[in-house]
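Features from TrEMBL:
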COMPBIAS  24-76  compositional bias 'Low complexity'
COMPBIAS  120-136  compositional bias 'Polar residues'
COMPBIAS  155-168  compositional bias 'Low complexity'
DOMAIN    195-328  domain 'DUF6699'
REGION    1-169  region 'Disordered'
Amino acid sequence: MTPSAPKMGRIPLPDVGEGEGKISLSASYSSTSSSYSSRSASSYSGSDDGFSDYAPSSPVPRIRAPAPRRPIATSSCCTTPRICTPQPPPSTPILKPALKRSPVGRTTTPLVESFRAPVSRTSTPQASSPPLSERSSTARKDVPKKPLKGILKRPTPSTTPSTSPAPAEMVAPSQVSLHWRLLPFDRRLSKKKILFDIMKDLENARECTPRERTRMKGSDLDKSATSGTTLTEMHIRYPPHPQWTIKVTNSNGITCRDVYKAIYHHFQITLSASDKKVYITKDKRKSCEDAFNARCRVDPGLDDYVRKQGMRRVDMLEGKTFFRGLTRPVDDKQHWVLELGDS
């Protein structure tokens, strides 16, 4: 235990003079020191702590210096300071287990290598497995490449049936089925009734139902004239005038439009003088002239122009100018039969 410092009373200071204050101060201080030393000697005379010979030379007692603190080192990679333990001399190094190493010290390993852990960390280590890049390249080599298609190839017969049959130049009417727009009107088979006056252009043709009358659509007119067989040529005849044959041709396949137009243009041909003598007999002359005058009155503004053109084949029909459909001939002939009627 450290002895307590002696209590000192108030020391009167001498007046400022010629050295008296200095002498009296020394005398009082020496007396105080002697009294303190005698008191200390009497109190520590019987102790074995080694303080028996202790005689302070100043009124302040000796205080044991505190133990030096260990220097605190901070790491650049940690936010919490840690106490550094003194290292042993280099002659006796201490090996620390690898498991106690801080993961921060592994900063020298590139970041890319750490992402390869899912590939290399397997439950059963494989010492002979190749790297990932080699395995991926080997896998790509094992996949066979698709053979390139040859530019020149022999045509192979198609196993699927063709959507449209091969065109036929001339087929017997008994072997062909016509579109319902080209057949005579039948309430059981026909969807609508066709009103086509061959004295007028095809644009005036109409489709009739019990409720309305509409113009024929272009998409309906462009449908194939036959089903099952594509025809490129057809022959049509009108029984009252068998001397004339209506020819319908289309290399891509005959349509309903082709049939209607061929019939219209056939009967718009002007009659020559020889035709009138041969085909217009005396008993038919009046009916043919009435048909001609009626046709001229259809367009009042063109009455004179139409009259100058003269009579045409359509005037020989005697008013029967409405299309009634095509039928098969009674005997086995290579032509279709045209049926016409009045309104």
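Positions of Cβ are set from backbone N, Cα and C atoms, glycine also.
If you look at the structure here, what lies around each of the features I listed?
If you average pLDDT over the domain 'DUF6699' (195-328) in this model, you get 91.
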Is it possible to list how many residues within the domain 'DUF6699' (195-328) are helical, extended or coil according to DSSP?
56 helix, 36 strand, 42 coil
